[in-house]
Structures are given as structure tokens and as C-alpha cells.
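Colleague: I have a structure I would like to understand better, so I am pasting it below and will then ask my questions one at a time.
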């Protein structure tokens, strides 16, 4: 079979749902300035943000509450958010407008496309992947975004000493992440071999997570740094 006709395995599904009126208005007003496009190719991060600063990539920011909170609490850092679901993009833009946040830019696209086509090598201080789809069924495990090949592509975009921070509330996925990350060349567990990390202050606790904690559900953080 001709390889060009093989469809890539996607780690996400496009959910339904329309933007609310307020999300759409925020999208219409802010997207021309705050939105980024894969087709424009490799980013000049200093030009994008108008300064040279710490740069953080968040993959799959959902409705964007946590990303907005992080950007507000780290005004000296610049954040690039990637999300495929338009209502989430609209919600984050509305948050950015309400809070006058200038240190976030957004891709409404597949993170794999963004990583491969838009991010310079050794340009990121931190990559965040919080609560990705766990793909519970065994036959769907191959759809999990955390795979060895993906980690190597993330590593290439991290600066030396840069951190890949993951979090999940699904223990089998946490174990899968640990197995993959422990095998990944050039990545070192900040908390020690085989150890999960305590939640750092840089990751806000979500309402969903607080509810889960009350019900006795666990959350697992993994933090690995690039070593050369």
C-alpha cells in the first residue's frame, strides 16, 4: 500500500458542540492577534511575543481555565496553547480578554502538526500535557499520545534542562507514561527513577481534580527533564 494514503493514528477525537455567543465574540475579536496558524510555518518566538522569555507549550488545554491561571500567575513567561476543539479556543480567548492576558498565543490545530512544522528545536523551557485522553480500552492504547516516538519529538523542542510535565487521573495511563518516559533516551526523571512527582505550583488544581480528590481519586504527575 502507498504510504501516502495511510492515515495517521490520532490521539484525539473531534467532539461536537458549538461556541457560545460570548466565546464567538471573543474569537472574532482576538483570534487575528492571538491566533497562530500551522501553514505559516516555523515560529520566531521573540517576534511572536515581542520579547525573549521563558516559553511554555501546553498541549490540549481543554476550556483553557488552567492555562489562563498559569499565564496570570507567571507574567514573565510566554505560553503557547494548542487545542483542536473550537469552543475551548473561544473560552480561552474570552478568559484572556477578561483578564487582559497578553502572554498567550493559540494554535487551533493538531499538536503533532504544530510540533513538527512550527516549533524551533531547543526553543521550549517547558512542555505540559495535562489529562490527555487515556484511551481506556486496550485495543485503543496505541492512540495514547505518550509514545516513545512522540517523546523524542518533544525532547527535540525542549532546551537542554527543559521539562516535560505530564499529569493524568487514570492510573494505568500513569504507569504507561512512566514506562515510556523511563525508556526515552535523553530524558531524566526529576523525582528519581520510577518516581511520580508531587504536583508543582505551576500546575493549578482544576475543579474536576478537586472533585476527584473528594471521591478518593488519584492524580499522577510526571516530570522529566532533557539531558544532553
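The backbone N, Cα and C atoms fix where each Cβ goes, and this holds for glycine too.
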Colleague: From the candidates 39, 74, 83, give the one listed by Swiss-Prot for the same S-adenosyl-L-methionine site as 58, 110, 133.
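Modeller: Answer per Swiss-Prot: 83.
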Colleague: Among the residue ranges 121-126, 127-132, 139-144, I'd like the one that Swiss-Prot describes as region 'Interaction with RNA'.
Modeller: 139-144
Colleague: Count the Cβ atoms, other than its own, that fall within 10 Å of the Cβ of residue 207 (substrate binding site), considering every protein chain shown.
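Modeller: There are 9 of them.
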